[in-house]
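These notes are about the structure you will find just below.
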Amino acid sequence: MHSTIVYACLLALAVFVALHGTPLAALAENGEGTTQPDYDNSTDYYNYEDFKCTCPAPHLNNTNGTVMKPIGCYYTCNVTRCTAPDTYPCYNLTEHQAKNLTTSPTTLCAVGNCDHGICVPNGTKELCFKAPNLEE
């Protein structure tokens, strides 16, 4: 008796599919659900610059409890030049000033905000210093 019920249900399903098609076939007739992403030529799925900029940007410490900030608004990650987002806080230091920083808070650093890769000073200064693990 049970096998008859299963057979009848399968037969009904087969007739339904034969008459109406599958839901995927209906989507294909409407032009939906059939396109595959072109992984070789598409940038819709990955921001390749973000993917290449996976190294942490070197940041400096400060004495007033605000967030640590990078020296300028760009850094190199492997061979990629990485840029901090606009309005990101930064220190506007010359290369000479940055090289002479120590792990003690002895340098008054100009604070700014990034704008298209440039640290634009905002008129404030704070003592900044290298984190002990900051590479040269």
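Every residue, even glycine, has its Cβ placed from backbone N, Cα and C.
The cysteine that Swiss-Prot pairs with CYS128 in a disulfide, picked from CYS109, CYS114, CYS119, is CYS109.
Of the cysteines CYS73, CYS77, CYS82, only one is given by Swiss-Prot as the disulfide partner of CYS55: CYS77.
Between CYS90 and the candidates CYS53, CYS119, Swiss-Prot records a disulfide bond only with CYS119. In Swiss-Prot, CYS114 is paired through a disulphide bond with CYS73, chosen from CYS53, CYS73. Within 10 Å of ASN64 (N-linked glycosylation site), as judged by C-alpha distances, the recorded positions found are CYS128; the full candidate list was CYS55, CYS73, ASN78, ASN100, CYS114, CYS128.
The Cβ of CYS119 (disulfide bond) lies under 8 Å from the Cβ of GLY72, CYS73, CYS90, TYR91, ASN92, GLY112, ASN113, each on the same chain and at least six residues away in sequence. For ASN78 (N-linked glycosylation site), the recorded positions whose C-alpha atoms fall inside a 10 Å radius of its own C-alpha are CYS55, out of CYS55, ASN61, ASN100, CYS114, CYS128. When the disulfide-bonded residues CYS55, CYS73, CYS90, CYS109, CYS128 are compared by the number of other CB atoms within 10 angstroms of each CB, CYS55 has the fewest. Checking each of the recorded positions CYS77, CYS109, CYS114, ASN122 against ASN61 (N-linked glycosylation site) by C-alpha distance, the shortest gap belongs to CYS109.
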